[in-house]
Amino acid sequence: MTSTIAIDQKLINFLMFLGLPKSLSEFIWICIPILVVVLGSTLGVLVIVWLERKISAAVQQRIGPEYAGPLGIIQALIDGLKLILKEDIIPSKGDNWLFTLGPAIVVIPIVLSYLVVPFGPNLIVADIGIGIFFWIAISSVAPMGLLIAGYGSNNKYSLLGGLRAAAQAISYEIPLALCVLAIILMSHSLSTIEIVEQQAKYGILGWNIWRQPIGFFVFLISSLAECERLPFDLPEAEEELVAGYQTEYCGIKFGLFYVASYINLLVSALFVSVLYLGGWDFSIPFLNDYLTSTDFFSQWELNETIVGIMTGIIGLGITLVKAYIFLFLAVLTRWTLPRIRMDQLLDLGWKFLLPVCLGNLLLTASFQITLL
């Protein structure tokens, strides 16, 4: 699906037409993507929390939230406001700097991951050409924040939770990266946009889920482990560690950990959509060609900008639908599988997933060599 949005220069020209200097107009344009990323990720968290509560209630044959707005849709917003208004307490014997720095180190890299998520050919904040490498690199920074938060709390449960989080992240970051490397070999590109375009050539049959089934399942498991979702929530196991690295946190700092967890889950779901499910592409060849042709929009006599916006909205909707399918599976997994032990977690990562990923990468590389 192609888009012709050139909104950056048009917005700058419009602001200059209003009398603003060019430097100020360019600065405003720089701030707009930042605002879009922050608001978009926050809205995504609110939707995920509401969906998880409703799906969890359905699994347990409950009603779920229903009083805060229609169907309880603003319950997550009210909970967020409650955390913001709570007092921020710092442990008397903890390290104030590390205790405060930990949540920031966790949240910032995860939010920056949105920069390279393509919702359409031109609906991406930063098409840097090495987007998938950027995501892998920056996502490895967040576990450092968890370890710092656990150490700065001066609490044995927090420290153990931070150590568990670091060990878990290292164990599953490698299989995740190897799955992505196999996709890169098949797509011949590090650009997230080019990976989607490569899958769009053959419609739904061109999705990488059919060409990389082993990598897809390993990617799903590794993503759940990276997001610390059940059955991989060992760093914050209530029965063992009270709340893990979050034990001493309250108020807005605790809310940052909460938000980071769901933002990370949404980012993982979006990359599942981009890497394996065709991203924004409609995936039905004849219908996709018709929707993206000029004949489809010419019947309403729309100008080029409106056409670009409409195709961009369609691509955004398709990407989110595919991503929320993964989110639905993640919520069902939470209420289906029991928590595993720490030794089982590490054995699964190092003794099973890593050899499987290496074998899958070897097969992919061998197949690509035969095509040369």
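Every residue, even glycine, has its Cβ placed from backbone N, Cα and C.
Keep in mind that this is a model prediction, so the values were computed, not measured.
What Swiss-Prot lists as transmembrane segment is 28-48 (among others).
If you look up Swiss-Prot, you'll see 65-85 (among others) marked as transmembrane segment, on the strength of sequence analysis.
Taken from Swiss-Prot, the feature transmembrane segment covers 97-117 (among others), and the record attributes it to sequence analysis.
Swiss-Prot lists 128-148 (among others) with the feature transmembrane segment. Tertiary proximity for the transmembrane segment (128-148) is limited to same-chain residues at least six positions away from its ends with a CB under 8 Å from its CB atoms, namely 98, 101-107, 109-110, 112-113, 115-116, 118, 161-163, 165-166, 168-170, 173, 176-177, 180, 183-184, 190-193, 195, 226, 235, 245, 260, 264, 267, 271, 275.
Through the fold, the transmembrane segment (166-186) approaches residues 132, 136, 139-140, 142-144, 146-147, 195, 198, 208, 211-212, 215-216, 218-219, 221-223, 225-226, 228, 232, 234-235, 275-276, 342, 345-346, 349-350, 353-354, 356-358, 360-361, 364-365, 368 of its own chain, all at least 6 residues removed from its boundaries and within a Cβ separation under 8 Å. Here Swiss-Prot flags 166-186 (among others) as transmembrane segment, drawing on sequence analysis.
Beyond the ends of the transmembrane segment (254-274), by six or more residues, the same chain brings 41-42, 44-45, 48-49, 80, 83-84, 103-104, 106-107, 110-111, 113-114, 117-118, 135, 139, 142, 149, 192, 195-196, 219-220, 223, 226-229, 245-246, 319, 322-324, 326-327, 330 to within a C-beta distance below 8 angstroms of the stretch. The transmembrane segment annotation in Swiss-Prot covers 254-274 (among others).
Away from its own ends, the transmembrane segment (312-332) comes close to residues 1, 3, 5, 48, 51-52, 55-56, 59, 118-123, 220, 223-224, 227, 229, 265-266, 268-270, 272-274, 277-282, 291 of its chain (Cβ-Cβ under 8 Å, at least six residues beyond either end). Annotation source Swiss-Prot lists transmembrane segment at 312-332 (among others).
Here Swiss-Prot flags 352-372 (among others) as transmembrane segment, drawing on sequence analysis.
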Subject >> Intrachain neighbours beyond the transmembrane segment (97-117), with Cβ under 8 angstroms and 6 or more residues off its ends >> reply: 37-38, 40-41, 90-91, 124-128, 131-132, 134-135, 138-139, 141-142, 144-146, 148-153, 192, 245, 248-249, 253, 256-257, 259-260, 263-264, 267, 270-271, 274
